[in-house]
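A.B. asks: Can you read through this structure? Questions will come right after.
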Amino acid sequence: MKASRLAEQNAVMPSPITLDRKSLVRLAVVTVLTGVGAGLGGMLLALLLHAVQHVAYGYSLNAIAGGESFLQGVDGASPERRVIVMAVCGLIAGSGWWALRRFGRPLVSIKQAVKSPDTRMPMLSTLAHALLQIVTVALGSPLGREVAPREVGSLVAGWLARVAGLSANETRVMIACGAGAGLAAVYNVPLGGAVFVLEVLLVTFDATTVAIALVTSVIAAVVAWMGLGDESQYAIPSFALSGSLIAWSVATGPVFGIAAYAFSRFMDRARNAAPGAGWLMILLNVLNFAVIGLLAVHFPQLLGNGKGTAQLGFDGQLSIGLAAALLALKVAVSASSLRVGAHGGLLTPGLTVGALLAVVLGGAWNLIGASVPAGAFALVGAAAFLASSMNMPITAIVLVAEFTHLGHDMLFPVVFAVAGSIGASRVCAMLASRASAGATKMPTHMAASVTANAAQERPARMKLLPVTHK
């Protein structure tokens, strides 16, 4: 098995690139244009999301990029409006993705495009896929919006690379950097976008690749300021570092890792069980989102990707009971939405689930005599859960730091919790892998359920060779 996996990695590993001066100029131009294109794409998608949110729930119609928050708008909408909007969301999701499967070209994911740069992302299908994600999340889908700008950024980068005649390895790097730039634009996280490229997509910290990732992400974030402003995603109070918080971070880090591993497996199974294109897909989407709308009558925090709920956690405005209820419901509605065939990311949902779990665990910690602010627990838990649920510890730390502009001292409990979380989640993955390997020695009828789970395992990561200059 190890030999076959190594052979697979070697099959996609490119040769080192040698750049002459002319090639370097072409690469530099594509790098700058990718940042600009991803920035404009991310900005326009974010503005579309805000516009749909405001119109759907009838709030701050004269301030699309400002005014009330989405949670405030939903809370101010009537119960009937919440249910109707969510039913419409289900109709758009079901019919939209049905039509895309029925009439569009097969989608190529960002990871597929990075692995095989000769396999192009279809322009119209990718744009339609991104727009459907933005519109449905704006209407209240509990999934994340971050995949759409990443896809648009990769689409732009791939097109520019081919027009400029870049090599396969250069194209691969640019497609990945386009995705990071899209993330940087929509969330104003230039460093987080670059680290995401290096840690998750390319799995290399080669100096040239680092430079390209940083330049594209910084340009994209700055371009997006034109329409979105230079603001952080979350406003948090100043938390004081304490021994109790550090002890809690060390003690609960593994808990977040185990929970995040279970969460990611649960979401994978839900996504893989989605129905194919057909009338059933449309019906299930309408029913799913209508039920979410009914739940939102009493729990308006359920609508959207969870940003508002996470903010409540950071502000310390959630009781243990409400946090526990929202935690269970957020996981359930995210899984059910994937199960019926809707699409979206799990970055903000994962961050929100981590914050909610932290409020519950932190509340229990305070019951035994500690006095740590609930918001501090939420901040640390969000990073720890996100790190393991998306298997990106460094990126998670950087993203949370840029999302919240947290103080330097708070990095200590965050790092402790992330380390414990990643360690525990990898132990879970190792045990699951061993169980899957053991299943091959069982009779077929006994191993069926185990091998089905093994099919959900993530593919081996790809490692790129460094780009060199001549």
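Note that Cβ sites are derived from N, Cα and C of the backbone, with glycine treated the same way.
Annotations for this protein, taken from TrEMBL, read as follows:
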- 27-52: transmembrane segment (TRANSMEM)
- 83-100: transmembrane segment (TRANSMEM)
- 173-198: transmembrane segment (TRANSMEM)
- 210-228: transmembrane segment (TRANSMEM)
- 234-264: transmembrane segment (TRANSMEM)
- 276-296: transmembrane segment (TRANSMEM)
- 316-333: transmembrane segment (TRANSMEM)
- 345-368: transmembrane segment (TRANSMEM)
- 374-399: transmembrane segment (TRANSMEM)
- 411-432: transmembrane segment (TRANSMEM)
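I'm curious about the neighbourhood of these features; can you describe it?
C.D. replies: Residues 56-57, 77, 107, 125, 128-129, 132, 135-136, 139-141, 277-278, 281-290, 292-294, 296-297, 303, 340-343 of the same chain lie 6 or more positions beyond the ends of the transmembrane segment (83-100) yet place their CB under 8 Å from a CB of it.
Outside the transmembrane segment (210-228) by six or more residues, the chain places 27, 31-32, 34-36, 38-40, 42-44, 46-47, 65, 153, 157, 173-174, 176-178, 180-186, 188-195, 197-198, 202 with a CB less than 8 A from a CB of the stretch.
Residues of the same chain lying 6 or more positions beyond the ends of the transmembrane segment (234-264) and with a Cβ under 8 Å from any Cβ of it are 307, 310-311, 314-315, 331, 346, 350, 353-354, 357-358, 361-362, 365, 370-373, 375-377, 379-381, 384-391, 403-407, 409-410, 412-414, 416-429.
A Cβ distance under 8 Å defines the sequence-distant neighbours of the transmembrane segment (316-333), meaning residues of its chain 6+ beyond its ends; these are 142, 263, 266, 292, 295, 299, 301-302, 306, 309, 349, 352-353, 356-357, 359-360, 363-364, 373-375, 378.
Long-range Cβ contacts of the transmembrane segment (345-368) within its own chain (Cβ-Cβ under 8 Å, at least 6 residues beyond either end) map to 133, 142-147, 244, 248, 252, 255-256, 259-260, 263-264, 267, 305-307, 309-310, 313-314, 318-320, 323-324, 326-327, 330-331, 334, 374, 376-386, 389-390, 399-400, 403.
Outside the transmembrane segment (374-399), and at least 6 residues removed from its termini, the chain residues within Cβ reach (under 8 Å) are 187, 189, 191-192, 195-196, 199-200, 236-237, 239, 245, 248-249, 252-253, 256-257, 259-261, 263-264, 310, 313-316, 318, 346-347, 350-359, 361-363, 365-366, 406, 410-411, 413-415, 417-422, 424-425, 458.
Sequence-distant contacts of the transmembrane segment (411-432), counting only residues of its own chain at least 6 positions beyond either end whose CB sits under 8 Å from a CB of the stretch, comprise 241, 245-246, 248-250, 252-258, 260-262, 376, 379-381, 383-385, 387-388, 391, 393, 396-397, 400-401, 453-454, 457.
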